[in-house]
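Each remark here refers to the structure printed beneath this line.
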Amino acid sequence: MKPIVSILIFCALAVVIMGHPLDSGYGIPHIVEKLPNGQWCKTPGDDCSKNNECCKPKDPENYSSGCASQWSGMQGKRVNMCRICYIESSMC
């Protein structure tokens with residue numbers, strides 16, 4: 001019983017420290033604006049093909065945005081998704 005509890009605590013701490021792998025930064029304040037092509041920028045978590053399609057963070061000094069490749073369990077392959085993350089984070 002003790003090893004099982006230790007493993008569960010370790011897993012919980014790992015998730016808290018490293019974050020969820022599908023966390024795209026949707027909760028981080030971002031600017032939703034129209035792009036030169038007339039479309040709206042894509043919010044974090046949306047599919048993308050280029051960095052300039054993604055919405056920019058309201059605080060660009062501390063946060064970075066872009067189009068990054070992530071594993072999609074739903075599609076069973078890697079897909080490009082818009083992300084916003086804290087610059088000082090090792091996951092950015």
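Heads up, the Cβ atoms here are built off N, Cα and C, so glycines get one too.
Since the structure is predicted, the reported quantities are computational estimates derived from the model, not experimental observations.
Here Swiss-Prot annotates a disulfide bond for Cys41; of Cys48, Cys55, the partner residue is Cys55. Looking at the candidates Cys48, Cys92, Swiss-Prot gives Cys48 as the cysteine bonded to Cys67 by a disulfide. When the recorded positions Asn62, Cys82, Cys85 are screened for a C-alpha within 10 angstroms of the C-alpha of Cys55 (disulfide bond), the residues that qualify, in sequence order, are Cys82. Sequence-distant contacts (6 or more apart, same chain, Cβ under 8 Å) of Cys41 (disulfide bond) comprise Ile31, Val32, Glu33, Lys34, Leu35, Glu53, Cys54, Cys55, Lys56. Take the CB of Cys54 (disulfide bond) and look out to 10 A: across all protein chains shown you find 25 other CB atoms.
Rounded to the nearest whole angstrom, the C-alpha distance between Cys85 (disulfide bond) and Asn62 (N-linked glycosylation site) is 9.
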